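Q: Pasting in a structure now, in structure tokens, and then I'll have a few things to ask.
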Amino acid sequence: MSISSLNYADNQNLPSLGDPLSAVVSSAQERKLGQSFLRTLRNRAPILDDPIIQDYLEHLTYKLISNSQLEDRKLDLVIIDSPSLNAFAVPGGIIGINDGLFKYSETEQELAAILAHEIAHLSQRHYARGLEAQQKSTMLTMAGILTSVLVMTTVGGEAGAAMLNTVQGVSVSNQLRHSRAREAEADRIGINTLIESKMNPRAMAYMFEQLEKTARYTSDTSPGFLRTHPVTQERIADAYNQTINYPSKDYPLNIDFQLVKAHATAISGKSPSELMPGFLAGIRNPVMAIKHANIYGLVLALTEEGKFQEASDNLAILLKIYPNKIPIKIAEANISIMLQRYEIAEALLYDALAINPGNYPLTMALAHVLMTTSPEESQELLTDLTTKRKRDAYLWYHLAEAAGLAKDIPAVHWSRAEYFVLTGDLEQAIRQLSYTIPLVENNFQQESKVKTRIKEIETLKNVDR
């Protein structure tokens, strides 16, 4: 499950003294209901489980929030497995991104512009300000907004709009659409975040132009992002005007973005034969970052098709230029795994981790190899990782698998319980923990820990109702 917590502030739980919006809805209330929404989203939406994409987006988001006005920097980043263009920010520090955004973003700067815009909505607490203006019931209206976002995320387009109006009513649908003033404010603050992050502030206008073209030429005239963030020529002009005095500068293409963009294409569900023509065409691009990223995409497609020698030959080109790029090292290890050369794969990943200690995608890749060669080591590796990524459902899912292979049955049930909590099946989580009690009844500390966790989950059930 592609969720993680970005914890970057030590004072994130301190109250914001003198904040008039706290009388309408407190940050604690927003976070509580936001986490409830997140559990529902994980339960109902197609979530993309990919450590390479997740890790890249986490680092980009951290770079932006470090230079933003966002005070509470505890964020949850969720990636929706959808080719459509959509992104959203939910009260409580939740940012959602469709992986389709990689298709529509030509550069890292453009993708960052969308993220900066959503971060601005959170930093200005636009949801709470909307409540204040409309004098709505806090808990009820927030639940309605969260449900509306869920509907738009999972269904989208005209069908989503129809369901939205049926389930929530037109007033909630209108509340979901940010006012023009708040959209303009998010644009302005997002552009400033890009400047402070030393990224291209004109990327906001570039991306809006791309969105406007999408709306003009797609059969669905209201994709998710455009429905909640309408783009007009006036808005594009405003975005340009805000950067008119900013000096022009060349921003080289970021190879990390281009690699992840190719990676997102490679795992999009298309067959290797469908993917290869596009990658081969991209290899002819004179821009080196694009050329090399398409070689990487071709390597992934060839590996998937079982053409390991051809994949290795192409990968060798990249390894000479980028010997330590993580997606490329994982692709190299994966070829060895497919050939059942597990010791070679292990050695490659251990070496890469020595250079990048604690790296999330490398750790997950190594854990998967160790499930075959040494399940106990895999379990230990993943258990250590949960201390940093407590809300990563994908991690808990694979920890349960590793624990099962290591024949650690109490750990299997505990890990499954955490996975079910994060994916919104609280009854199943309690059931898994109840299976654990007879297995640890001779260990008072463990039994007490399990019973305490059951009580915590019972409390969550009341929130999710």
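One is the number of the first residue shown, and numbering goes on along the chain from there.
Placed from the backbone N, Cα and C atoms, the Cβ positions cover glycine too.
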Q: From GLU58, GLU71, GLU183, GLU196, grab the residue that TrEMBL records in the same Zn(2+) site as HIS117, HIS121.
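A: Matched candidate out of GLU58, GLU71, GLU183, GLU196, per TrEMBL for Zn(2+) with HIS117, HIS121: GLU183.
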Q: Same chain only, sequence gap of 6 or more: which residues have a CB within under 8 Å of the CB of ASP187 (active site, proton donor)?
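A: HIS117, ALA120, MET204, ARG235, ASP238, ALA239, GLN242 - these are the non-local Cβ neighbours of ASP187 (active site, proton donor), listed in sequence order.
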Q: State the Cα to Cα distance, in Å, between GLU118 (active site) and GLU183 (Zn(2+) binding site), rounded to an integer.
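A: If we compare the Cα positions of GLU118 (active site) and GLU183 (Zn(2+) binding site), the gap is 10 Å.
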Q: Within the domain 'Peptidase M48' (54-239), what mean pLDDT does the predicted structure show?
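A: Average per-residue pLDDT within the domain 'Peptidase M48' (54-239): 75.
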